[in-house]
Structure formats: structure tokens, C-alpha cells
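Trainee: Questions regarding the structure given below will be posed in turn.
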Amino acid sequence: MYGKSMSMSKSIDIEFSNVVYEIQDGFRGPKKQILKGINGYFKSGEMTAIMGPSGAGKSTLLNILTGFIRDKNHLRGKINYINKERNKITWNEYKRYSCYILQEDHLPSLYTVNEIMTISANLKMDNDIDQNAKRIIIDEILDTLDLMKNKYTRTNELSGGEKKRLSVALELVENPSIIFLDEPITGLDAHFSLQCVKMLRKLARKDRTIICTIHQPSATIYETFDHVYLLAKGRCMYEGAPKNTVEYFANLDLHCPKYHNPADYMIEIVNKEYGDFDDLLVEVIEDTKAVWQFKDKLSMIEYKDTRKIDYNEEEKTSVMVKTLSEYKKFWILVKSSLIPLQRDWTLFYMKIFIHFLVGTFFGLFFLNVGVDCQESFTNVKYFVVIFLFFSYTNMITAILKIPLELAILRKELFNNWYQLKTYYFSLLIIDLPIKIFCTLVTCSISYLLSGQPLQLNRFLMFFGISAMTTSIADSFGFLIGTLVNPVNGTFIGSVIMCILLLFEGGIILFNDMPKYLYYFSYLSYSRYALEGFVQSIYGYNREKFPYSDDLTYCVFLNPKIIFKELEIDDGKYSHNLLILIVFFVFYRIVSYFTLKRNLSST
Ligand SMILES: Nc1ncnc2c1ncn2[C@@H]1O[C@H](COP(=O)(O)OP(=O)(O)OP(=O)(O)O)[C@@H](O)[C@H]1O
């Protein structure tokens with residue numbers, strides 16, 4: 001149906017030479033070479049395994065080839081991405097045609113396989129492709145990866161092997177030419193491991209370059225690979241086809257025992273179980289590479305025949321992918337975020353219910369303090385409590401949420417699902433309205449029960465300050481969460497809350513603050529929030545409290561007195577609201593950059 005308009009998977013080889021990766025061990029410590037000038041050539045149509053003992057540098061090499069590590073201060077050497085015509089392709093082109101599947105799957109849990117595939121297809125495919133066509137393509141991919149039977153299963157209910165295949169399926173939507181996988185079979189049993197590797201080989205046959213790191217594969221899995229790259233202590237010790245391994249080492253007088261797994265034998269050699277052959281292996285591999293690569297090429301001819309047989313299937317699963325505008329991606333992200341809200345009642349309904357309970361609780365605690373002239377100071381404490389609740393809950397939840405988002409975000413950004421700014425704005429649109437709605441619930445109930453003036457404009461002013469408190473705390477929490485881990489974040493967040501309370505002016509009055517500390521209160525958004533609350537309720541010519549006979553003398557009969565006592569200006573509500581908006585925008589902008597920095601550090 002789409003065959004003629006579709007491009008085939010672009011074939012891209014990777015060639016690297018003299019790659020050195022060096023890091024400083026600790027602060028001012030000695031330099032440590034993790035990769036020591038390695039060379040290699042990974043061809044399209046082949047599935048390559050980067051093997052080696054723990055600490056050999058496998059993940060480092062993979063991270064360098066993918067572009068996860070691009071640190072010019074520590075990385076030297078040449079890496080070329082070469083197309084069929086033997087031309088180098090640009091970095092941006094390479095990024096478009098490659099994807100990286102991490103060891104942990106990081107799949108959002110409340111979506112079904114079909115839903116998450118549809119989101120992936122909507123984000124990655126051009127809008128011109130209609131939903132029916134996308135459905136056909138999704139089914140083809142699921143069919144290829146044997147996931148059709150799980151189409152309506154939620155991702156958290158999938159087995160380890162199915163999750164891994166789904167991770168691959170999500171990226172296949174874009175028809176990548178190069179697929180990197182970090183330890184794809186770790187944690188899978190023998191059956192699923194083999195199934196996973198066979199599936200990858202099938203994808204490689206369609207002109208893709210598949211590169212994965214692998215620890216210690218079984219003999220069957222080892223032989224499934226087309227090409228093996230053995231690393232030990234940052235040096236290449238063997239490169240070639242698995243079927244050549246035994247013969248290669250036998251030529252060096254290293255005889256793999258009969259019925260012994262050649263993969264295990266190689267690891268035993270580089271682990272020096274039969275003596276130290278490291279220098280010899282490095283020397284020989286450099287000298288003989290050409291010969292062994294020629295042998296590999298012979299075996300490639302067989303693959304080409306197989307590919308001819310698969311040709312129609314290849315056309316069927318290839319898709320013309322045009323870049324979708326970030327604006328459209330933004331709306332796709334916003335719409336797709338509604339799915340978990342319907343599924344997990346704790347995300348929305350429970351939050352609203354708890355905010356309702358808290359509002360009732362606050363209301364009962366401060367019952368009718370707003371109508372009682374003598375309780376004016378208690379009413380100010382109600383403002384302090386409401387500020388504390390909105391600030392603390394929103395700041396801490398934001399701090400704790402970041403690590404969960406980061407893992408998925410890192411993967412999806414790297415694989416070009418969307419740009420960071422798209423995600424960032426969509427998060428704002430998705431999260432904040434819910435939080436502000438919860439704020440409205442607590443505000444309304446506690447406002448009524450605590451006996452605040454029944455005037456719509458005052459309520460809206462009061463709610464405006466509450467909503468800004470929520471928004472600022474959420475942004476501040478986000479900022480902290482992008483800078484430190486959740487344990488430190490919750491500690492820092494709690495300390496900041498205490499400081500904000502001290503500078504708010506409701507517990508320690510501004511008059512009572514030491515002068516040199518008083519000026520710091522101008523840097524605290526809590527100050528402007530409290531001023532806004534007091535102005536909403538007592539400002540703007542609020543009429544005097546009604547006088548009754550049983551009322552003993554009350555200084556606050558005239559509401560203006562409260563402003564004097566608290567040393568707050570009357571009539572500057574909009575001024576305070578504006579400052580709160582500036583705080584919000586400031587935290588949001590800064591946290592965008594701290595998030596970006598966090599994502600770029602590996
Ligand atoms: N940023 C870093 N700082 C210090 N040492 C590092 C850093 N990154 C990697 N290393 C060291 O480099 C070596 C290679 O690490 P790498 O993660 O690439 O190994 P690996 O072969 O993938 O190991 P494993 O199979 O255990 O995951 C290890 O000794 C590791 O401690």
C-alpha cells in the first residue's frame with residue numbers, strides 16, 4: 001500500500017580509529033585511560049556484539065558511538081558514519097537515523113502496548129500519514145517482534161523479554177538504520193535471550209547496523225551474532241565473526257577445549273586464566289584484522305542472498321519519516337498524558353479528595369476566625385498555614401517526581417521523540433492545571449468555613465495568591481530536583497521551607513526581625529504571598545467589623561489596623577501578584593537550564 005513512497009532503511013557503517021577516552025580519577029587525581037586507542041568497523045546488515053569482562057569499557061565505547069559521550073576534553077580519535085556510497089554523513093543525519101535502547105526499559109506503566117506505539121508513531125511519523133496507515137505500520141512492527149498477542153496489555157504487565165522487544169518496537173517506528181542496545185539480554189532467561197537476539201538479527205538483515213554490549217552469552221547466542229568485538233582493559237583483543245573464534249585463537253596456540261563455549265573461553269583468556277596474552281592479542285589483532293575482515297566479507301555474501309528473499313517484507317516495514325513540527329508534538333504529548341489520568345484514580349481523584357479533606361480540616365481548625373475581629377491574628381495564622389501547605393506539598397512532590405521523569409525523558413530525547421522545550425511546555429500544561437484545581441478545592445472550603453468575606457473579588461484575589469504559591473513551589477521543587485538527588489532534595493526543600501516561613505512575616509513580624517535579616521525577606525516569595533493574602537481579605541476598604549454589645553474592646557475593629565501591625569502596605573495586591581509571577585517565570589527558566597544540564601551529564 002505504501003511501498004512505493006517509502007524509503008528503505010538507509011545503510012550506515014560505523015568506522016572508528018584511535019579512540020581514546022581518558023578521565024581524571026577523582027578531584028586532581030591521576031588521569032585514567034578507559035579506552036586506549038581502539039579501532040573498529042561495524043557494518044550495516046550485521047549484528048555486532050561488544051563483549052568483554054566487567055570494567056572492560058564496553059558501555060563507554062557504546063556511549064561514545066551513540067553520541068551519549070561527546071566530551072571533547074576527554075575524548076580523542078575519529079568516528080565516521082559512512083553511507084552506502086562510502087560518503088561520510090553529518091552528525092545530525094546520523095542522529096536522525098540512529099536510536100539507543102538502554103538496559104533499563106523505562107516504559108511509562110499506565111499505557112497499553114498499542115497506546116504507547118500509537119504515541120510513538122504520532123510523534124515520529126509525518127501527519128500526512130493517516131491513522132489507518134499508522135495502525136497498519138504498528139501492527140507490522142508488533143508482528144515482526146512477536147508482540148501482537150500483547151497489543152492491549154499494559155506495559156507494566158509485560159515480561160522482561162516483551163518489555164525489551166517493545167523498547168525496540170517503539171524505536172522501529174522511525175525505521176532507524178543503526179540500533180544500539182546496552183546489555184539487551186541482561187535479566188532475561190535463556191529462552192527469551194535467544195528470542196531477543198534472533199529478533200535483532202532479523203532486523204539487522206534489513207540493512208540495519210545493530211550494535212549491542214553483552215556480558216557472557218551462551219554458545220548459541222554467541223553464534224547468532226555476525227561480528228564480535230572483544231574489549232579488555234580498554235583495548236581490542238579480538239574482532240571478527242564468532243565462527244572464526246576457535247580457529248583464530250588456535251593459531252595463537254590457545255586451544256578452546258571441545259564442548260567449551262568459545263565466548264567463555266575468550267573471556268577466560270583476557271582474564272589471564274591461561275597466562276598473560278594481552279599484548280600479544282592486541283598486536284596480532286591489529287596485524288591480522290585485514291585477513292579476518294576479508295573472511296567476514298565472504299560470510300556477508302550469504303547474508304545478501306537472504307536479504308533478497310526478505311526484500312518485500314523490508315519494503316513493507318519501511319516508512320518515510322518526515323519531521324513533525326514541535327508544536328504538533330506538544331499537543332500529542334498533552335493529549336496522551338490524559339490516558340494515565342483516567343487509569344490511575346490516585347493521580348487525580350484521590351488528590352482532589354485529599355485536598356477536600358485538608359480544606360475541611362483547616363476550615364474546622366480556623367472555624368469562623370475571619371468574622372471575629374479579635375481573631376484577626378489567628379486569621380493571619382490561617383494564611384500562614386495555607387501557604388505552608390501549598391508550598392511544602394507541591395515543592396516536595398516535584399522534587400520526588402523528577403528522577404522518574406528523567407529516565408524516560410533521557411531515552412526519548414536521545415531517540416528524537418521530541419525536543420526538550422516541547423516536553424517542558426507540555427509538562428507545564430499537563431501538571432499545573434491539576435495542581436491549581438486541587439488548590440482551588442482546598443481554598444474554597446477552608447475560605448468558607450474560616451469565615452472570610454463572602455465577596456467574589458476577595459475570594460478570587462485570595463485564590464490568585466494560593467495558585468501562584470502552588471505554581472512557584474512546583475517550579476522551585478523542579479529546580480531542586482534537577483540539581484540534586486531526591487534524598488538531598490527533600491532535605492534541602494524542607495530547610496528552604498523553614499527559611500521561607502521565617503521571612504514570611506506572619507510568625508516573626510517584620511517589626512521584630514533584626515534589620516539586617518529583614519532585608520533578606522525581599523528575596524523570599526513567602527513575603528509577597530502573605531502580603532497578598534492580607535490585602536485580599538483586609539485591604540481595599542474592607543468595611544469595619546460590626547460592633548456588638550458583648551464585644552469587648554478590639555483594636556482590629558478597623559481592618560486597616562492589621563496592616564500597621566504586620567507592617568504591610570494596603571492596596572498593593574497587583575504589585576505582589578506581579579512579583580509572584582516574576583518568581584514563577586524565573587524558577588521555570590532556570591529549571592529548564594538545570595534540567596538541560598542534568599540531561600547532558602552522563
Ligand atoms: N566517569 C567515570 N569516572 C571514573 N571511572 C569511570 C567513569 N566511567 C567509566 N569508568 C571506569 O571505566 C571502566 C570501564 O567502564 P564501563 O562501564 O565502560 O565498563 P563495562 O565494560 O561496561 O563494565 P560492565 O560490564 O561491568 O558494565 C571501569 O573501570 C569504570 O569504573
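Positions of Cβ are set from backbone N, Cα and C atoms, glycine also.
Annotations for this protein, taken from TrEMBL, read as follows:
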type: DOMAIN; residues: 14-258; note: domain 'ABC transporter'
type: TRANSMEM; residues: 352-370; note: transmembrane segment
type: TRANSMEM; residues: 382-402; note: transmembrane segment
type: TRANSMEM; residues: 423-447; note: transmembrane segment
type: TRANSMEM; residues: 459-484; note: transmembrane segment
type: TRANSMEM; residues: 491-510; note: transmembrane segment
type: TRANSMEM; residues: 577-595; note: transmembrane segment
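How buried are the listed features, and what sits near them?
Mentor: Panel annotation: around the transmembrane segment (423-447), residues 330, 333-334, 337, 341, 348, 351-352, 355-356, 358-360, 362-363, 366, 382, 386, 389-390, 394, 405, 409, 412-413, 459, 462-463, 466-467, 469-471, 474, 588, 592, 595 of the same chain, lying at least six beyond its termini, place a Cβ under 8 Å from a Cβ of the stretch.
Nonlocal intrachain contacts for the transmembrane segment (491-510), taken as residues 6+ away from its ends with a CB within less than 8 angstroms of a stretch CB, comprise 380-381, 383-384, 387-388, 391-392, 395-396, 399, 476-477, 480, 484, 517-518, 520-521, 523-527, 529-531, 565-568.
Remote same-chain partners of the transmembrane segment (577-595), defined as residues 6 or more beyond its termini with a Cβ less than 8 Å from a stretch Cβ, comprise 420-421, 424, 428, 464-465, 468-469, 471-472, 475-476, 478-479, 482-483, 525, 528-529, 532.
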Trainee: Same chain only, please: residues at least 6 beyond the ends of the transmembrane segment (382-402) with a C-beta under 8 Å from a C-beta of the stretch. Say none if there are none.
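Mentor: Residues 358, 362, 365-366, 369-370, 435, 439, 442-443, 446, 450, 466, 469-470, 472-478, 480-482, 486, 489-490, 493-494, 496-497, 500-501, 504, 506-507, 526, 529-530, 533-534, 537 contact the transmembrane segment (382-402) from elsewhere in the chain.
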Trainee: Looking only at the domain 'ABC transporter' (14-258), what is the mean pLDDT?
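Mentor: The average pLDDT of the model in the domain 'ABC transporter' (14-258) works out to 88.
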